[in-house]
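What Swiss-Prot lists as active site is LYS142, TYR174, and the listing cites similarity to another entry. Among the features that Swiss-Prot reports, NADP(+) binding site is placed at 34-36, 62-63, 80-81, 104-105, GLN138, TYR174, VAL201, 208-210, with the record citing similarity to another entry. The feature substrate binding site is assigned by Swiss-Prot to LYS142, TYR174, SER350, with similarity to another entry given as support.
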Amino acid sequence: MSWWWARSLGAQKEFKENGALTSYQSVGLIIGVTGIVGNSLAEILPLPDTPGGPWKVYGVARRPRPAWNTDHPIEYIQCDVASTEDTLAKLSPLTNITHIFYVAWTGSEDCEVNETMFHNVLKAVIPNAPNLRHICIQTGIKHYTGPLDPDGGIQPHDSPFTEDLPRLNAPNFYHNLEDILIEEAAKKKGLTWSVHRPALVFGFSPYSMMNIIGALSVYAVICKHENKPLIYHGAPDNSRDSWNVYADAADADLIAEHQIWAAVDSNAKNEVFNCSNGDVFKWKQMWKILAEQFEVELVGYEDGQKRMSLQERMKGKGPVWDEIVRKHKLLPTKLEDVAQWWFADIVSQSQNLVNGVNKSKENGFLGFRDSKKSFVYWIKKMRAAKIIP
């Protein structure tokens, strides 16, 4: 059974500390280690059976290391990669890096800032790491849909999305990152690259700007605390469609495994790949699971019912969340960190966003996830980390 197949079936190994290794087969640098996929990479890369290993892992993030990330056996580096000076000072000394996993963004659509961040990392690492072999970057399905603003006037591609679809005529920092990656990799002999375009990500990170499971879980927790039903917010003009439409997602661990595959498998070099769990679901199924997990009454889509966005419904709930944190002795967090209402509202307006993943299969990646099980898994992860009760 392959490593990827075993992990898809839940047969992954736990990390066990067996003393410090004196040599490593690979050295990974994760940029954005406290993000939703960076956190998964930090957990999976150091495992004893991870392909390409044993791995030494550096993890880079702008903020101090959070408590929920400290159990990963990595070397944490606090560095603002938007600052050229800070990036050169912190990353240039890392001369043993063999692989870069770039899973960072600014939290805005600003092409220039995101381009600068990526350039800074490459300028610090490539000239100083003679054994650098591969660079992974993560983008996403905005490559096929255009900007997050659903009223932006950009006509998205029809789904299922395939990697050979042309770029849309709209500013998108994904394009900038891809162009920089290909150009810079071509300058160094033997340096390969891969681009990963995941679907909606199911994962865990209180610092992620696009954490759908985090937002929905916090919403359910607040509903339970206030003894109110869990009301599907939907969208004013397409609630029925968003409730019933087929959707897909990509488990954060699966995305990490996908990037590790591309980093070590010759069939994946210098290619672009979509990534998703390999199944589809309807949001009405996920909301039922959400209500069951938090033991709250579900009010789903109903004809004629007035819709209210989560941003509106959760306005002013910061003190309520503070009370919940105190009551259940959770890790101290602010509501705006753990719940991104704007993103949950955008997801509820999304329709027919399905990633085709045949290219990954044809090149040898057979990993998958059951999306319903993945949804529950990440809720349990958040509970175990004391982010939610």
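Using the three backbone atoms N, Cα and C, a Cβ is placed for every residue, glycine included.
Locations of recorded Swiss-Prot features on the structure.
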residue : record                 : DSSP class
THR34   : NADP(+) binding site   : coil
ARG63   : NADP(+) binding site   : coil
VAL81   : NADP(+) binding site   : coil
TRP105  : NADP(+) binding site   : coil
LYS142  : active site            : helix
TYR174  : active site            : helix
SER208  : NADP(+) binding site   : coil
SER350  : substrate binding site : coil
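Per Cα geometry, TRP105 is the residue among the binding-site residues ILE36, VAL81, TRP105, SER208, MET210 nearest to TYR174 (active site).
There are 9 other CB atoms within 10 A of the CB of ARG63 (NADP(+) binding site), with all protein chains counted. When the record's substrate-binding residues LYS142, TYR174, SER350 are compared pairwise by CA position, the greatest distance found is 20 Å. Spacing of LYS142 (active site) relative to SER208 (NADP(+) binding site) is 17 Å (Cα to Cα, whole number). Counting only same-chain residues six or more apart in sequence, the Cβ atoms lying under 8 angstroms from the Cβ of SER208 (NADP(+) binding site) belong to GLY35, ILE36, VAL201, GLY214, GLN340. For LYS142 (active site), the count of additional Cβ atoms within 10 Å of its Cβ stands at 18 [all protein chains shown].
Taking the Cα atom of each, VAL81 (NADP(+) binding site) and SER350 (substrate binding site) are about 32 angstrom apart. A simple Cβ count within 10 Å picks out one of the binding-site residues THR34, SER350 as the most packed, and that one is THR34. THR34 (NADP(+) binding site) sits 26 Å from SER350 (substrate binding site), taking the CA atoms of both as reference points. Note on ILE36 (NADP(+) binding site): other Cβ atoms within 10 Å of its Cβ, all shown chains, come to 26. The separation of ARG63 (NADP(+) binding site) from SER350 (substrate binding site), Cα to Cα, is 31 Å.
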